[in-house]
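The block underneath contains the structure these notes are about, expressed in structure tokens.
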Amino acid sequence: MSDTTPRPDDGSNPVPPGPQEPTPPAPEGAYPPPPAGAYPPPPAGATPPPPGGYPPPPAPGGYGGDQSVDVVEGFKWGWKKFTENLSPILIAIVAYVVGSIVVIGIWYFVIAGLFLRTSETTIDDEGNITFGSGPGFAAVLLSTALISVVAVLVLSIVQAGFVQGALRISRGEALTVDTFFKFRNLPAVILASLLVAVLTAVGYALCYLPGIVVAFFAQFTLYYVVDRGSGAVDALKASFQLVRDNIVPALLIFLGVALASAVGGLVCGVGTLVTLPVALLAQTYVYRRLNREPVVP
């Protein structure tokens, strides 16, 4: 006779689990619950993570876009590099000053001689010049324009030479006097300088302030022409975009260069032999940093 009395479970026959409640469906529009080890769903309105469980990559940076550029550090760097390269910089400055005075002076006297003979102009015993009207007045305007054009051309060549030298210093390359006279992309340098000069002059004619705005946004134009071989229009556009994307550091370096020019001019212009090269080096530092390019300490 068999024993039918129930016996306690000895583990050989496990008791099946009881019924489990099904997982409730996710509300409409919501993310399903993540599998084990995966990222939780993002909050409403956020971008979901890409496949594979990795977080989304950071957004790419904008053009230039480095708002952390220290303009004061740029002037410190400019002073340091000026003192380290004092001899070639000063020799180049003296050569350019003498050459500019000779070229502009000769051109001025040539134009002035033609203008005095063809215009209705009188000079009294005290040296006062009286300009007439009519055809002679047109000659005055034409002569002034021609002198201004030559002055812009000469100054653009001078600035391009020093921009080239400053860029070479920022890359840690050897600097010699002839570095300032080996021009790269000279036709574009001249065209860009004339373009900026015309736009600035028009701005100055419109109550002055627009001219300052043009000069502010165009301050890096020659850098793009000399450094990257850009054309005049492309360089001007690149300068406008770089300044627009970096208003604060661009404004600080613009004001710093203007202040350096003013301070240098207080001592009969002699101070500009120091202040302008230092300011140009500082501007070069800011230009390269805003473009996320390294600058040699």
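Glycine residues also receive a Cβ, built from the backbone N, Cα and C atoms like all the rest.
What TrEMBL lists as compositional bias 'Basic and acidic residues' is 1-10.
Annotation source TrEMBL lists compositional bias 'Pro residues' at 14-60.
The domain 'DUF7847' annotation in TrEMBL covers 195-279.
Per TrEMBL, the feature region 'Disordered' maps to 1-65.
TrEMBL lists 89-116 (among others) with the feature transmembrane segment. Listed by sequence, the residues of this chain that lie at least six past the ends of the transmembrane segment (89-116) yet keep a Cβ under 8 A from its Cβ atoms are 82, 139-140, 142-143, 146-147, 150-151, 154-155, 158, 161-162, 165, 175, 177, 180-181, 273, 277.
According to TrEMBL, the feature transmembrane segment maps to 136-162 (among others). Counting residues 6+ beyond its ends, the transmembrane segment (136-162) has Cβ neighbours under 8 Å at 92, 96, 99-100, 103-104, 107-108, 111-112, 114-115, 118-121, 180-181, 183, 186, 189-190, 192-194, 197, 222, 225-226, 277, 280 in the same chain.
Under the heading transmembrane segment, TrEMBL lists 183-202 (among others).
Annotated transmembrane segment per TrEMBL: 247-280 (among others), in sequence order. Same-chain neighbours of the transmembrane segment (247-280): 67, 69, 71, 74-75, 78-79, 82, 89-90, 93, 162-163, 166, 215-216, 219, 286, 290, counting only residues six or more beyond its ends whose CB sits under 8 Å from a CB of the stretch.
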In the predicted model, what is the mean pLDDT computed over the domain 'DUF7847' (195-279)?
94
Who are the chain neighbours of the transmembrane segment (183-202) in space, where the CB to CB distance is under 8 Å and they lie at least 6 residues beyond its ends?
149, 152-153, 155-157, 159-161, 164, 210-211, 214-215, 218, 221-222, 225-226, 229-233, 235-236
